[in-house]
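Chemist: The following block contains the structure, expressed as structure tokens.
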Amino acid sequence: MFPREVVDSVSLEVSKVRLDGLEALAMDQKGYRRGSFQSATSDEDMLEIAGASVDFSMADDDPPLDREMGGFSSYNGGGMNGTRTMMDFLEEPLPGVGTYEDFNTIDWVREKSRDRDRHREITNRSKESTWALLHSVSDAFSGWLLMLLIGLLAGSLAGLIDISAHWMTDLKEGVCLAGFWFNHEHCCWKSNTTFTDRDKCPEWKSWSQLILGHGEGAFAYILNYLMYVIWALMFSLLAVLLVKGFAPYACGSGIPEIKTILSGFIIRGYLGKWTLVIKTITLVLAVSSGLSLGKEGPLVHVACCCGNILCHLFTKYRKNEAKRREVLSAAAAAGVSVAFGAPIGGVLFSLEEVSYYFPLKTLWRSFFAALVAAFTLRSINPFGNSRLVLFYVEFHMPWHLLELVPFILLGIFGGLWGAFFIRSNIAWCRRRKTTRLGKYPVLEVLVVTAITAVLAFPNEYTRMSTSELISELFNDCGILDSSKLCEYVNDFNSTKGDDLPDRAAGPGVYTAMWQLALALVMKVFITIFTFGMKVPSGLFIPSMAVGAIAGRLLGVAVEQLAFYHHDWAIFSGWCSQGADCITPGLYAMVGAAACLGGVTRMTVSLVVIMFELTGGLEYIVPLMAAAMTSKWVADAIGREGIYDAHIRLNGYPFLEAKEEFSPRRGPWM
């Protein structure tokens, strides 16, 4: 008798030989040749088709998921039926091969090899018949067709969200008698009121006017205050209940999870149909409630859900996880495109911030998807101003080299704010996860909403939606502007052309400065507790609001300094009395970019997004200076951006390609 170890070793070698023989036989039957993986056809030049011969089926509802192994019970691991060919056997999904369980990582090499083999087979068949040739041609354009569908769907949903959120935000303050579906601005379009009283048209009634018959007095103010808080609580309560009951993955911004999924990780249901429906509805409710959050980040999640669901229409994307992630990268670009009206910035955001694998082919398709999405949103025209965003602005006055000093100061503020926000928000979210606070998400949302609404109503700059606030802060004051920020002491004798000179600030400007300072304090702290709650919440708009307020305050201060001390050496060379030297709206825009960069650590894509918002090349240098300063200051305090910090907090297996690891020295070194 041989020893047991020898018998086991011989049995193992025999099993390996049998397996190698089966694989060789399968490759011979399929027509493979040795070295076939060293194909002359690169992955970037492959034709693609909506049909694959090797069937590794995935789930029907949530593509990045595994398939149940039902229907495979006939194989017991010991052999095959005589009626089956070897390739029929290999085309079935073996247990643990070709399927992915939830919270696992895909095999990138295997997925790319499968797609190469599929492409090689399609190419060979295209030479056999005309039908196969047409099939091959359709494969080449199926990816572009998918991008077209993603752009159309993402742009349509973004338009629906914008229109609904604008209407429901105004619903907290009143209703339109001409039609309850009109928001305040649309309700007053046909009114005969003067330009300065355009917001006081008779068709729009506040709740006190509707209930009491008048809108003046203490009781009317209290009633409007109460209705504002009640509507905010109703919207937030409905949002959190829908998320908790139907789609728990619809909460948050979604960008940390999108980054993790694009790196190859699988989260079942995160990009499914229910998540898309609930996220779209609750995003409108959360934004309308007045919470310190935005819809721009969640729009990336919505667009990726659209891309994931539409992948079902094309077999090669449904059955290949690596190619699906190329589609999701393009969908993320479409999401940013409709969020900011910045197609090029969306592509760069996908490349810089969220994508893990971004070949050149994906770059072209991302640009096409972003273009279609922006065109669709422009066709819907949700704001009625022929713009894709509410806070689009155009500046015409040049900036001076000495203004780089306050721009860099704004960059330092943005970096400090970003580092402070990340540390504070992560500490609060960790406390939420490790204490009983996390067991009461509905109560948490209601408490934060109540505090936000109570503090926001008395201040007109916090009562309005955050997008409207940013639009007003970016605005360059003109003759017809009736905002408090534009109540200067006018001296039209010194007006040169269409440009208003720098003027002394009036009482309205000083009142607005105090209100903006209070709004800044509120936004800084309330956003820490809002981001991460169980409702859809984006961080782009609150961060931009903090920076825009700080920038506008600094811009007005520099403007008044130049007006009263134009004979100082720093102003005498370029800012004479009666000239239009300082643009406070430009400072607000630079501050918004600095704070957003400090929180997210974006640089190139951030500058391009802000450039597309302004429509001018002249202000790229101030934006670059502020963005880089913000990133340097924030990186000096902490290396992680907010999304990477939340990935680490949630324990997702994400390996950051840009992170540097220093080798540890062992005792032998």
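The backbone N, Cα and C atoms fix where each Cβ goes, glycine too.
Automatic, uncurated: that is what TrEMBL annotation is.
What you see is a predicted model, and the numbers here were worked out from it, not measured in a lab.
From TrEMBL, for reference:
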TRANSMEM  141-161  transmembrane segment
TRANSMEM  218-243  transmembrane segment
TRANSMEM  276-293  transmembrane segment
TRANSMEM  299-315  transmembrane segment
TRANSMEM  327-351  transmembrane segment
TRANSMEM  401-420  transmembrane segment
TRANSMEM  440-457  transmembrane segment
TRANSMEM  512-533  transmembrane segment
TRANSMEM  539-558  transmembrane segment
Chemist: By Cβ distance under 8 Å, which residues at least 6 away from the ends of the transmembrane segment (401-420) in the same chain are close to it?
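Modeler: Distal contacts: 524, 543, 546-547, 550-551, 554-555, 558, 570, 574, 582, 587, 590-591, 593-601, 621-622, 625-638, 642.
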Chemist: Examine the transmembrane segment (512-533) against the transmembrane segment (141-161) and state whether at least 3 Cβ pairs sit under 8 A, considering only residue pairs 6 or more apart.
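Modeler: In this chain the transmembrane segment (512-533) does not contact the transmembrane segment (141-161) - fewer than 3 Cβ pairs sit under 8 Å.
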Chemist: What parts of the chain pack near the transmembrane segment (327-351), using Cβ distances under 8 Å and only residues at least 6 beyond its ends?
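Modeler: Sequence-distant neighbours of the transmembrane segment (327-351): 143, 146-147, 150-151, 154-155, 158-159, 258, 261-262, 271, 295-297, 299-304, 306-308, 311, 317, 357-358, 362-363, 365-374, 376-378, 387-389, 392, 540, 602, 604-606, 608-609, 611-613.
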Chemist: Same-chain Cβ contacts of the transmembrane segment (218-243) under 8 Å, 6 or more residues past its ends?
Modeler: 168, 171-173, 206-209, 211-212, 250-251, 278, 281-282, 285-286, 288-291, 441-442, 445-446, 449-450, 452-454, 457, 463, 533-536
Chemist: Hey, which bits of the same chain come close to the transmembrane segment (276-293), Cβ under 8 Å, at least six residues off its ends?
Modeler: 157, 160-161, 164-165, 168-169, 171-172, 228, 231-233, 235-236, 238-240, 242-243, 246-247, 250, 254, 299, 301-302, 305-306, 309, 448-449, 452-453, 456, 463, 465-466, 523, 526-527, 530-531, 535-539, 541-542
Chemist: Are there residues at least six beyond either end of the transmembrane segment (299-315) with Cβ under 8 Å to its Cβ atoms? List them, or say none.
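Modeler: 50-52, 60, 62-64, 142, 146, 149-150, 153-154, 157-158, 161, 253-255, 257-258, 261, 271-273, 275-276, 279-280, 283, 324, 327-328, 330-332, 334-336, 338-339, 354, 373, 536, 538.
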Chemist: In the same chain, which residue numbers or ranges, 6 or more beyond the ends of the transmembrane segment (440-457), come under 8 angstroms Cβ to Cβ?
Modeler: 224-225, 228-229, 232-233, 236-237, 239-241, 244, 289-292, 432, 463, 522, 526, 529-530, 533-535
